[in-house]
Amino acid sequence: MTAILERRESESLWGRFCNWITSTENRLYIGWFGVLMIPTLLTATSVFIIAFIAAPPVDIDGIREPVSGSLLYGNNIISGAIIPTSAAIGLHFYPIWEAASVDEWLYNGGPYELIVLHFLLGVACYMGREWELSFRLGMRPWIAVAYSAPVAAATAVFLIYPIGQGSFSDGMPLGISGTFNFMIVFQAEHNILMHPFHMLGVAGVFGGSLFSAMHGSLVTSSLIRETTENESANEGYRFGQEEETYNIVAAHGYFGRLIFQYASFNNSRSLHFFLAAWPVVGIWFTALGISTMAFNLNGFNFNQSVVDSQGRVINTWADIINRANLGMEVMHERNAHNFPLDLAVVEAPSTNG
């Protein structure tokens, strides 16, 4: 008997790289989306940390009045932020090599644009990586779909809104107090609290929290006892066990009697789909609302909508909100504008020389 041995050609370096990138045996899955995600998120994170600690003040309004945002320039964790790119730059792409010097780049808020653009690319790739890993493992794609909600929200406040307003200086600052300032100014200029898409987002976030707490407490309260009184109930579960760890019939019966029968899910799959879909759809709507208000399609205006028989205005809560909006608007960027936009719409009378 003759044995024929064929020499296998060694796999190319590129082939081995492809197999390693797409292998689901790695401790952390990389994937083709990860090839772009890793450097972009590392860049965004590194520049954020450095700028939050040491970036010099930024001329955010383009009027030669720099605003300090870093720790070394007098801020703390609460007040510190990455200050948005200057209004003098607008929507221009502003990498370091477009500035005359690094000092000019820092003064005009170049780090903000660098961080935001790398961050958005990175989180979009993270979403793609979630889909890619699900595909490799034969799973359904809904993890990436759910993650699209926060991606859409981040894209709305960091990219779509600045595009609509004409400048990255209108983007959300990267800090705690800066986020609150963004929210207050957004309310003043766009009346977001009266926008139905924001209302749907509030229902999504608060409702999702409520449903998550209800589900977790129901499951925890209907665990199948596997331990003694002296042991933690958590010891009664073994990872990968086939049998159910809680009694869904008991949970269904409890909740059906607490509210009414049809308020309780009797299908675990439809229940968990609902738990995922409710907050995701709500945040989708909020992101869509931000994106429409970016182009000044604002919240409802019910100002002075109720009058008496003499034509006198009877104030409603809408008028109270409007008064607060005007107060917030006149206080922000107070050195950049003589009047808020709402008070400057009337043309000045022409004078004949």
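Every residue, even glycine, has its Cβ placed from backbone N, Cα and C.
Feature list (source: Swiss-Prot):
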- His118: chlorophyll a ChlzD1 binding site (BINDING)
- Tyr126: pheophytin a binding site (BINDING)
- Asp170, Glu189, His332, Glu333, Asp342, Ala344: [CaMn4O5] cluster binding site (BINDING)
- His198: chlorophyll a PD1 binding site (BINDING)
- His215, His272: Fe cation binding site (BINDING)
- His215, Ser264, Phe265: quinone binding site (BINDING)
- Thr2: phosphothreonine (MOD_RES)
- Tyr161: site 'Tyrosine radical intermediate' (SITE)
- 29-46: transmembrane segment (TRANSMEM)
- 118-133: transmembrane segment (TRANSMEM)
- 142-156: transmembrane segment (TRANSMEM)
- 197-218: transmembrane segment (TRANSMEM)
- 274-288: transmembrane segment (TRANSMEM)
The one of Asp170, Glu189, Glu333 whose CB sees the fewest other CB atoms within 10 Å, among these binding-site residues: Glu333
Cβ neighbour count within 10 Å of Tyr161 (site 'Tyrosine radical intermediate'): 22
Cβ-Cβ under 8 Å with the transmembrane segment (29-46): same-chain residues at least 6 beyond its ends: 20-23, 114-116, 118-119, 121-123, 125-126, 128-129, 131-133, 136
Densest Cβ neighbourhood among His215, His272, His332 (binding-site residues), 10 Å radius: His215
For His272 (Fe cation binding site), the one of His118, Tyr161, Phe265 that lies nearest, given that the recorded positions are compared by Cα: Phe265
Near-site residues: quinone, ref His215, Ser264, Phe265, CB cutoff 8 A to centroid: Met214, Leu218, Ala251, His252, Phe255, Leu271
Distance, His215 (Fe cation binding site) to Phe265 (quinone binding site) (CA atoms, angstrom): 10
